[in-house]
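For reference, the structure discussed in these notes is given below.
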Amino acid sequence: MPATATATARRNRARPAKATTRPQEAAAARDGCTELSAWTSVRQERWEGELPVQGRLPDWLSGTYLRSGPGLWDADGGGGAFHYLFDGYATLVRVSFRQGRATGAHRLIESDAYVSAVESGGPVLLEFSQCPKPGNMLDRVSNAVGILSGAALTDNPNAGVLPLGDGRVLCLTESTKSSVLVDPETLATVGKFRYADGLGGMMMMIQSGHPIVTESELLKVLPDLARPGHLVVRMAAGSDKREVIGRVDCRGGPTPGWMHSFAVTENYVVVPEMPLRYSASRLLKGEPAPYYAFEWLPASGSYMHVMCRSTGKTVASVEVPPFMAIHYINAYEERGEDDGPAAAVIVDCCEHYGDPAIIETLALHRLRSFRDQDVLPDARYHTMYMHMVVALWQPMHQLLLSSRVTVS
Ligand SMILES: [Fe+2]
């Protein structure tokens, strides 16, 4: 066990679980939030207990559900150090169903970002909405190097949790150094997960926040900020080594679009290139960007790229209207007559009317101002699903059959 994991395990052993919900209620009142508000810091380090059930759970329902997400927005318990949803320190949540009963548990993940914030009384590493403090020329150079190398970025794994196929469970966010192994039973932080490959480094410090996990491998996308494009990589179940499937060059610029998630079908990887792009001034000068780490550049173009999973070749690249999509919902192939090769790839995503305003909506003061209202009414009631239909008939791979947008 590495030294970091040993220290983490020691800290975990020293802190017994506490089973009470009262601190949550007190914290909710202090934060001006209603009880059980999703935007209230969960200040308990650990909790586990039986969950109340309304109605009756079927006896056959058996299993465990794990989620990771932002749960604590001020590590010192003082006064709201963070103001943005995605800045929150990662909390791992478990809900288990067995023999008609439900038990729940949650536990803060002891990332370097969280531990250093507790020890220092405030954040040390840069979270989603934060920008380096302005300083002299030397500071600015140091800030730029820290961002571009990833050293100054957070390892706060609040975007997701996934199985590695060999019993290990990984939590991660969008910096490549963010991967943290956790124990799915105790929810304890086991230690850092380190890739056994040479990928990454300067200008390659970002990854998609939501990899796609199949029975045999996980797939993820690494934006290339130096030479605008995306590497699509796979990691076999049980392995620690990523392998490059292929590369998609951006058609717009000056940087890749934000890559939070992407879509995969049986034979293809769909790589979106939306016009909310990583900010060059933020990266190089450490200056605030209009949308935190991003800028909205609709004139740079919007594209959907389709890569063959077996060859790594980009078989279609389609220009589409400007779109703002953080999460992809589903993707599948449509086959022609006689169940032959794929004739089309269809991707559904939750789209926000080509408007990056959702980035501002997720600021905590705005989320906390909603009382008994839907925070994202457009997303719930007017969700836009973009269906990209791309012809893949040999040999005319580049032919666009149609592109349609429907609203449901
Ligand atoms: Fe997400």
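Don't overthink the numbers, they just go from 1 along the chain as shown.
Every residue gets a Cβ built from N, Cα and C, even glycine.
Summary of the site annotation: TrEMBL records Fe cation binding at His210, His327. Screening the candidates His260, His352, His365 against this entry identifies His260 as the one listed for that site. Within the listed segments 1-30, 31-60, 151-180, TrEMBL records region 'Disordered' for the stretch 1-30.
The Cβ of His327 has fewer other Cβ atoms within 10 Å than any other of the binding-site residues His260, His327. DSSP assigns His327 (Fe cation binding site) to a strand segment in the three-state reduction. Of the chain residues outside the Fe cation site list His210, His260, His327, Ala159, Ser208, Gly209, Ser261, Phe262, Ile326, Tyr328 have their Cβ within 8 Å of the site's Cβ mean position. In this view, His210 (Fe cation binding site) is surrounded by 20 other Cβ atoms within 10 Å of its Cβ, with every protein chain counted.
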